[in-house]
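Asks: Could you have a look at this structure, given as structure tokens, before my questions?
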Amino acid sequence: MTPPRPPSGRVRSLRDYSSESEKMDGTGSWDTLEWTKLDSTSGSGSFSNLSCLLESERVIVEGYGVVLINTDEAGTLLVTNFRILFLSEGTRKVIPLGTIPLATIEKFNKMVLKVQSSPRQSDKIPPRRLLQVTGKDMRIIVYGFRPRTKQRRNVFDALLKCTKPERVWDLYTFACGPSKFGNANPKERLLNEYFRLLGKSSIRASMDMIEDGAFTLSNELWRISDLNSNYNLCQTYPFAFMIPKSISDAELLQACSFRARCRLPVITWCQPGSGAVIARSSQPLVGLMMNMRSNLDEKLVAAFCSQLPGAKGERRKLYIADARPRKNALANGAMGGGSESSSNYFQSEIVFFGIDNIHAMRESFSRVRDYLDMHGTTSSDGRSSFLRHGGWTWGGGNLSSMSASVSLLGDSGWLIHIQSVLAGAAWIAARVAMESASVLVHCSDGWDRTTQLVSLACLLLDPYYRTFAGFQALVEKDWLAFGHPFSDRVGMPNISGSGNFDFPRQSSSAGSFPSSPVRQSSGSAASQSSSSSHGHNNYSPIFMQWIDSVSQLMRMYPCAFEFSPTFLVDFMDCLLSCRFGNFLCNSEKEREQCGIADACGCLWAYLTDLRSFSATSHVHCNPFYDPLKYDGPLLPPAASLAPTLWPQFHLRWACPEEAKAADIGVQCRAMTVKYSEMQKEKEAAERRVDEISFAMESLSAELLRERHLSWVARESANRATKEYAALTRAVQSLGCKINFTTSDVEDDPRSSLENNPRRRNRHGNNSDVSVSISLMPEENTSGNPKGRVCEALCPLRTREGVCRWPEVGCAHVGSQFVGLKANFDAFDRLAIYDSYFQPK
């Protein structure tokens with residue numbers, strides 16, 4: 001079915017009508033268009049064969065004549081089982097800003113904008129129907145729909161259904177399946193990382209090893225335990241973890257009860273050579289009075305203080321880093337939690353990092369997103385920040401307005417939180433690298449702030465984690481295996497079938513549209529209905545905050561990472577979209593119960609496949625990477641930890657041009673690609689020059705051969721001419737005459753070879769020539785012997801055959817042969833005897 005088109009040719013956008021409204025005192029509106037009375041209620045099949053559709057992606061609802069308010073583009077909106085797809089009206093190209101995966105949507109609202117009518121207008125202008133979609137990837141999108149249709153309602157209902165799957169199996173990734181991006185068992189990769197940390201990289205894990213329980217390797221200090229192979233010890237811990245070799249499994253069973261959710265202290269990274277470790281756990285259950293103790297927990301923690309190498313009996317220091325603010329740790333004591341006391345733990349020191357909880361991070365993220373939308377070039381109200389509040393904020397507005405705009409970013413607190421995470425991780429890395437101390441990190445549950453700190457510290461300490469393979473190993477170990485609740489934090493359904501969703505379907509509360517698509521003087525906005533993807537209040541961008549922190553380190557050390565900021569952006573987009581199964585559910589146990597590894601595609605395999613076609617020239621590769629220079633720990637000083645907005649992620653929707661300009665790697669890569677193309681063109685030109693040179697040499701050699709053959713031919717012709725002349729004179733001296741005749745021309749005594757060269761040439765080329773020698777008549781020789789002799793022998797005669805004697809001297813005058821007549825019959829009468837030839 002052909003989508004309906006307005007008679008005017010192009011669907012006019014909201015900005016067109018808002019400008020007309022200003023010119024005509026509010027008389028213009030979308031109603032000026034004669035819309036076709038066709039309301040698409042479901043997928044009609046006209047877009048089922050789009051090349052942009054992914055595997056197993058199908059169109060559910062279509063909306064025609066939709067306007068993307070952010071960029072004032074008209075097009076077609078499609079809701080599929082994977083995403084909202086916005087296609088430009090003319091070319092049907094995908095508009096990236098208007099295209100967003102369903103799982104990436106944080107919330108969406110139906111908005112109604114009431115436009116005031118002009119006094120000169122008799123008809124009432126219908127309200128403009130808008131749909132605002134807020135993404136988890138820092139963008140706010142607003143779509144404008146045609147009036148007097150049910151398109152917005154159909155799209156809204158489809159989003160309610162598709163963004164609220166009842167079970168995790170209803171996600172698109174299960175419909176797509178593993179495809180060509182199969183997922184190897186993550187347990188094998190986790191064991192391989194443990195083997196590397198233990199110094200046994202030559203051993204490779206296998207499923208047979210896991211099934212037989214033959215993976216419990218060890219070195220002098222640490223060992224791998226299989227106590228949690230059935231997840232009976234701790235449901236949110238991996239099936240295997242590293243602990244001190246001196247601690248038995250029986251002691252672990254007793255010690256785990258003293259930690260929240262049984263997340264006992266285990267090793268997440270150990271430094272080769274020195275024996276220093278970074279350990280992680282949840283908070284201890286010390287109680288309100290902070291007087292509860294566990295001897296086995298204290299013994300386990302003390303085992304991290306192994307003996308220093310080269311020191312006689314001296315053991316290393318232990319730092320216990322509590323990621324929470326001190327007051328929060330004390331408040332947790334009222335619920336049975338709390339923090340350790342340095343007097344109870346051997347050679348330890350307690351440090352509080354003061355990082356806020358998930359709720360503060362969620363609020364901060366929302367504020368910085370609103371700031372970017374309000375002051376970006378592609379705002380959700382369709383206007384630039386230059387025209388905010390009806391005036392030129394930067395060009396001629398008042399100074400207080402400018403200051404207020406700038407302060408909004410600081411008020412969001414996002415950069416302050418990033419700095420807290422960076423400072424904490426840098427402090428941990430410095431203690432391990434400079435003091436060879438061990439550090440135990442925990443927060444409340446040990447899966448949010450703890451994971452941020454230990455993984456970022458490992459990234460600073462171990463250069464392996466700054467490669468593609470190492471980054472994957474780090475994320476799978478510290479984030480996935482140790483149970484960061486991705487389902488809760490990203491806002492996805494979990495294994496129990498109840499996701500973190502709360503959709504009030506009939507909430508008709510009036511509200512203020514954060515960024516009105518037209519000037520507030522032209523009308524008012526109201527929220528008719530809204531939806532949210534984190535009703536249970538567990539949604540929080542914890543992992544995104546960590547990725548942001550990694551990008552800050554890449555800004556400080558641009559040559560220390562194999563991957564580029566673009567890789568982090570694409571990696572984050574894949575995670576939020578739920579296109580792959582790696583980050584589904586809340587723990588390793590839940591992913592195993594769902595069969596994620598077998599049923600879904602692998603994000604890592606997909607990213608590796610993208611790079612396989614371009615090798616080091618791919619946008620995911622860092623062109624400045626120098627592994628030889630940065631082969632040790634990175635220890636940034638405190639002054640360098642001041643963060644900035646991450647342009648490639650934060651600004652890509654609000655300020656796309658500025659985001660591209662900020663990526664030096666992209667510019668360098670473009671120059672590299674251009675240089676590579678020019679190098680290829682140069683090589684092709686050089687090959688062409690070589691071919692032409694070879695051809696010229698061949699032609700020159702051929703020309704030399706031809707010249708040689710020509711010279712030989714000329715010499716042969718000259719020699720033949722001389723021989724012919726000599727033979728002619730000899731024959732004529734005997735009184736004979738040479739005649740040339742052909743088979744088709746009668747003999748002509750006047751056509752001798754020397755007297756008619758043109759005929760000679762014709763005979764030589766076109767006729768069969770016969771040569772005859774005849775005797776000259778006697779009367780011709782007896783009458784004028786001198787003339788005969790001169791005619792035959794004298795080289796001084798003229799071309800006409802006239803003798804030039806006596807003007808010139810003649811060697812033949814007076815010769816004894818003048819007038820000599822040859823008698824050939826006498827030769828026949830000669831008697832020749834054989835005895836003449838006998839030897840004497």
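Quick reminder: no glycine exception, Cβ is built from N, Cα and C everywhere.
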Asks: Report the candidate from R293, R315, R466, R489 that shares the substrate site with N332, G333, A334, M335, N357, I358, C443, S444, D445, G446, W447, D448, R449, as recorded in Swiss-Prot.
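Replies: Of the residues offered, the record points to R489.
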Asks: Which number gives the other C-beta atoms within 10 angstroms of the C-beta of R449 (substrate binding site), all protein chains shown included?
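Replies: Looking across every protein chain shown, the total is 29.
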Asks: For N332 (substrate binding site), which residues of its chain lie six or more apart in sequence with Cβ-Cβ distance below 8 Å?
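Replies: Non-local contacts for N332 (substrate binding site): Q283, R324, G338, S339, S444.
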Asks: Which number gives the other C-beta atoms within 10 angstroms of the C-beta of W447 (substrate binding site), all protein chains shown included?
Replies: 27
Asks: For A334 (substrate binding site), write down the residues of its own chain that are at least 6 apart in sequence and whose Cβ falls under 8 Å from its Cβ; none is a fine answer.
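Replies: Residues satisfying the criterion: L288.
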Asks: How big is the substrate site in terms of the longest C-alpha to C-alpha distance among N332, G333, A334, M335, N357, I358, C443, S444, D445, G446, W447, D448, R449, R489, in angstrom?
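Replies: Across N332, G333, A334, M335, N357, I358, C443, S444, D445, G446, W447, D448, R449, R489, the widest Cα separation comes out at 25 Å.
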Asks: For D445 (substrate binding site), what is the tally of other C-beta atoms lying within 10 angstroms of its C-beta?
Replies: 19
Asks: Please average pLDDT over the coiled coil (666-734) for the predicted structure.
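Replies: Computed over the coiled coil (666-734), the mean pLDDT is 88 on the 0 to 100 scale.
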Asks: Give the sequence-ordered list of residues that share a chain with N357 (substrate binding site), lie 6 or more positions from it, and have CB atoms under 8 Å from its CB.
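Replies: Spatial neighbours, sequence-distant, of N357 (substrate binding site): R324, N328, S444, D448, R449.
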